Amino acid sequence: MNIKELESKLTALFQPRSFKDYAPNGLQVEGKGEIKKIVTGVTASMALIEEAVKREADAIIVHHGYFWKGESQEIVGMKYRRLSRLIKQDINLFGYHLPMDAHLLVGNNANLARGLGLQSLRPLEMEKSLEESIGVVGTLEQPLAPEAFQQLVKETVGRDVLFESVSEQMISEVALCTGGAQGYINKALAAKADVFITGEVSEQTIHIAREEGIHFCAAGHHATECFGPRALAEYITEHWGVDCEFVDVPNPA
Ligand SMILES: [Zn+2]
């Protein structure tokens, strides 16, 4: 596949213009024109680039790319080493931040929700459509006790999770937003969810959970954001006829 074709397919898939974001969504670093192998991952770290080089990938698609609002503009140090490695290897880099959180087919939130078996998904950002909301709310088929729910999340993300059980209350309505969305606990409260799952925790999140009476789970920023890149790799291989592989570079955060 030609790089222009890949770019237009990704634009059609992710609709980046529908999102106000903190980084450019789309082709961030241009490389070779002919695409035979693609790697997806969570973050365009040096380790991911090296894995892509090993696999002779022509393009990398990540959730956390480069050129974030507020970062320093100089191309020095770590930033130079990453960009220089990509450019010398002629590898294209695509980044999709919020569009990859929100996408209902290949996004982080919808696929975590699917993994947990949630039904009748609705937007966590209630003023937005489900397609544009960052975060979703869904219903468990069977209400679960907090301990059983914690176990379900552990199995779904494949790692230990921080779980703050605030009462004996059974869990049926689940709000979730992958990554560093602990500030969205207030949106989970407004949505009348029984539990809020995100990737990270702040000290104050626990107090809010206890005092407002909502169970809280921090299941890992990285772990919750593998769901989109993994689903995307399967989608591209199946529908676009290009070999695409999700590469996990584990991260305890
Ligand atoms: Zn993230």
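These residue numbers are counts, starting from 1, taken along the chain as shown.
Positions of Cβ are set from backbone N, Cα and C atoms, glycine also.
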Residue from D21, D101, D160 that TrEMBL also lists as binding divalent metal cation 1 with H63, H221, E225: D101
Lowest local Cβ density (other Cβ within 10 Å) among binding-site residues: H63, H221: H221
Non-site residues, in chain order, whose CB comes within 8 A of the mean position of the CB atoms of H63, D101, H221, E225 at divalent metal cation 1: V42, H64, H97, M100, N108, T178, G179, G199, H222, T224, G228
Rounded distance in angstrom between the Cα atoms of D101 (divalent metal cation 1 binding site) and H64 (divalent metal cation 2 binding site): 11
Other CB atoms, at most 10 A from the CB of H64 (divalent metal cation 2 binding site): 21
